[in-house]
Amino acid sequence: MGVGISFLIGLKAAALFLLFAFLRSRGFGLLCLPFLYASLVSLLVSLASHPSINLPLLLGKSPDGSFPVWSVLIFGPYLYFVRAFSAIRRLRSGEAPYTEICEGVYVGGWPSSLDKLPPGDPAIVDCTCELPRRPELRGHAYFCVPTWDTRSPGPGEIESAVKWACRKRAQNKPVFIHCAYGHGRSVAVSCALLVVLGVAEDWKNAERIIKERRPYIRMNGLHRKALEEWSKHRLSAPKKTGFGEIRSTLSSGESNYS
């Protein structure tokens, strides 16, 4: 499965601390302090993103996709680092920002601008805890499942996202499920959605369907474990009445942010 984000950000914290120590030894007293602060922030993120802790709420992302001022002030070094890293990685990869998996269901990476959004005024399921909802996307229906990169939404979170997406599909709205790159977190939720829509028999078949259309996806053991648990205990049942009309048992407590 690999150690994922906690190990990588832990290495970043160590590198920043070594740079701080080097600059301090050279007499750069004030210049070294930002590196110490960035190192401490990275260490905190590394600990909070470890599977044994898994606390995405640490970053304070709101249900409407925004970050409060306190979060930006405290975690700014990490938040802006991941935005820049995401932009550079996607630019170098050349991968399409989104892929249509079946009629009205899209999977992709973070929509940093309107041109990264699928057509048809899609409803958005955001599976990131580290990336913001862009101001220009405020007019789109929105549901947030805050999850660390390389980690997975829990079975209950997958269920909530699927119910919300089913309701939007029943209204003939396209649904765009995204994480940072459209490879892991968003694919896990999309697998469950395809099962409930009746497109796939189970999440394993759904993964194969998505991989045929978006070859670079790579779910890990955490994603597959969450989907297996969701499959055992899910409440949403795949039911269809006519082409494109989806009926599902939906709880009334879910919010629709627009």
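The backbone N, Cα and C atoms fix where each Cβ goes, and this holds for glycine too.
Automatic prediction, not curation, is the source of TrEMBL annotations.
Feature list (source: TrEMBL):
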{"type": "TRANSMEM", "residues": "6-23", "note": "transmembrane segment"}
{"type": "TRANSMEM", "residues": "28-47", "note": "transmembrane segment"}
{"type": "TRANSMEM", "residues": "67-85", "note": "transmembrane segment"}
{"type": "DOMAIN", "residues": "156-215", "note": "domain 'Tyrosine specific protein phosphatases'"}
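Same-chain residues lying 6 or more positions outside the transmembrane segment (6-23) and placing a CB less than 8 Å from one of its CB atoms are 31-33, 35-36, 38-40, 42-43, 45-47, 49-51, 78. Within the same chain, residues 5-7, 9-10, 12-14, 16-17, 19-21, 53, 58-59, 74-75, 77-78 sit at least 6 positions outside the transmembrane segment (28-47) and bring their C-beta atoms closer than 8 Å to a C-beta of that stretch.
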